[in-house]
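Notes for the one structure printed next.
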Amino acid sequence: MEEIQSHSENYRSSSSSASSPASRVPSSNFFYLRKQGALRQPISFEDSPDWEDNNTDVEVRVEEGGDSINTATTPISPSLSKLNSGSLPSPPLPEGAVVARKIAGAAIVWRDLTVTIKGKRKYSDRVVKSSNGYALPGTMTVIMGPGKSGKSTLLRALAGRLDDSAKTYGEVFVNGAKSSLQYGSYGYVERKNTLIGSLTVREFLYYSALLQLPGFFYQKKSVVEDAIQAMSLGDYANKLIGGHCYMKGLPSGERRRVSIARELVMRPQVLFIDEPLYHLDSVSALLMMVTLKKLASTGCTLIFTIYQSSTEVFGLYDRICLLSNGNTLFFGETLACLQHFSNAGFPCPIMQSPSDHFLRAINTDFDRIITMCKTWQDDNGDFSNVNMDTAVAIRTLEETYRSSADAAAVETMIHRLTEREGPSLKSKGKASSATRIAVLTWRSLLIMSREWKYYWLRLILCMLLALCVGTAFSGLGHSLSSVGTRVAAIFAFISFASLLSIVGVPAQLKEVKVYACEDSNQHSGGIVFLTGQLLASFPFLFLISISSSLVFYFLVGLRNDFSFMMYFVLNFFMCLLVNEGLVLVVATVLQDVFWTISTLVFIHVMMMLSAGYFRIRSALPGPVWMYPVSYIAFHTYSIQGLLENEYDGTSFAVGQVRTITGYQALHNVYDISPDNNSKWRNLLILSLMALAYRVLVFLLLHFCVKKNSSLFRFVCCKLKMNE
């Protein structure tokens, strides 16, 4: 304790500009405070919430476009009661304020919550350690802390979205009952935005509503409009989200609000957001938090994580849960956290953001800066304001909080909230699987029609390839000497047309990421996604196959018969369908653009070489290990079927006396089957390969996407561990 006191005194003396605790209350110019007793009676520590009144619709007034938002007040913590916060009233609501419908939120309570994940931490598997807290309807509860402090893990534990490898100890209550949150009663927004750039904001939210909600289509338009209005997206509703293959899209702040609006179409009682201010500037961050404050004023329970925020944004929070290395350093009213730091000997200096001050005191990464600055001075003198050991500050804050009145008040409130059960949150209805398949199919068709860079560019390249190869092998005739040249033409066309599938790799990866986001929120499923993606690819692949096949077919001068020409188109279509499955398999496993394209190029080259070495009789013998590859390469069966289709039932004169069949002439050049029905058998094999690739993708979606892992990440982690 002597060491702790000495460091505290050292830090207190270094912050010469720090004022008394009472003067640390920021002015109303920097904070947006709630008016005491506004709109409804506060929840006191002595009385538990009246659960019977939660299902009634209450009307609250929200100032449209204003920064000051009046919401339900909550009890003042013991340390905060010492501050003169009553002198900072919010401005009164003007006449003509918008009337919003009250949402029956839910009270979330967690007691002695501990989460262990094997291998997550270097020294301990406990990511969250005995955390206590609660979140009430109509309020914003923020989980703050430095990196790797357990913020996202605690958020996922409260939402019931931890991986199977994580073990949870402790209790989580929903309206006083030990139960998990049901589908539709809560929304969860990931840290990274996973949006579809080729859709407008209204289209994106409308398709999301179709995937989530049951009922008729026209009933969901009002839900979408409510979500757009709730997140202040009216000016951007008809604009493309952008990004991806577009030069310009929505600003980062609006994109973040679209991600939140996607979860609002279900009208959840509880909303979890992982880093709502992720990659946002100060203006966008303030606008985001004002919008969320407006959403919370309707009664929704908001819980989210924050790494750092400005002074204005900090003043919008109702409660703060401060974490460091999984330990809870404080939970309570936002302004009471300033008093807690002051009581522990770390008052917040004037002109410094409270969140910056908190993270400065508990972030162990600052120890490296201290080491660098010990023997270094700048123009203004030494760095005396960064000479505090963060480990000592963390221990001091933790011990001070455990013995404080704030911790006791939290325990009392948790007891009151859990002593009797309130209304349970019921699961909302889901859209049927058939509806989801139809929605995903139509949405994918719309995306393909707009993303020219990955879809229409591939069509143009296939047309150019057919034109080039067809021109190079045009005018061959139907003599015996042209058999080998025709084999080379068909081989080149199929091989290089399959290789052009790498153009669509970024689009495939984007679809996998969108599926992962929608599946985590139970908006989609593996079978639904694959069926919709397969049905949507039929028109596009058929357009490529029929356009490029006809150009190649007539330039080379293949058999002038409609049935043979249609078999050529169908065979090439099945080849492209199998190739799409292969691309989807590799993209799901690696989940990285560069490594996916590189792997696909390597696989196609190996298949082309194996089909050439062991099928073209005039080719040089290849390595023995490539022989099995020729039997699993779809190039082999596609080329065989096309050659058998071309020479089936034909004959060639050898001299003036003897004739040979087309099979005999072709067999001297390319290894094919003597069966007359072999071309249909090859087509059946291609169909089975396309189906097998989809089944493999379904398994990979479960093991790679749902587990949030990939071979690329696994290799990178192993390399970092070896370093």
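Positions of Cβ are set from backbone N, Cα and C atoms, glycine also.
As recorded in TrEMBL, the features of this protein are as follows:
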type: COMPBIAS; residues: 1-10; note: compositional bias 'Basic and acidic residues'
type: COMPBIAS; residues: 12-25; note: compositional bias 'Low complexity'
type: COMPBIAS; residues: 77-88; note: compositional bias 'Low complexity'
type: DOMAIN; residues: 108-350; note: domain 'ABC transporter'
type: REGION; residues: 1-25; note: region 'Disordered'
type: REGION; residues: 63-89; note: region 'Disordered'
type: TRANSMEM; residues: 455-476; note: transmembrane segment
type: TRANSMEM; residues: 488-507; note: transmembrane segment
type: TRANSMEM; residues: 527-556; note: transmembrane segment
type: TRANSMEM; residues: 568-587; note: transmembrane segment
type: TRANSMEM; residues: 593-612; note: transmembrane segment
type: TRANSMEM; residues: 624-643; note: transmembrane segment
type: TRANSMEM; residues: 683-705; note: transmembrane segment
Exercise. Hey, which of 455-476, 488-507, 527-556, 593-612 has the most Cβ-Cβ pairs under 8 Å against the transmembrane segment (568-587)?
Worked result: 527-556
For this session: Counting only CB pairs under 8 A, let me know which of 455-476, 488-507, 527-556, 593-612 has the most with the transmembrane segment (683-705).
Result: 527-556
Seminar exercise, completed: Averaging the pLDDT values of the domain 'ABC transporter' (108-350) gives 89
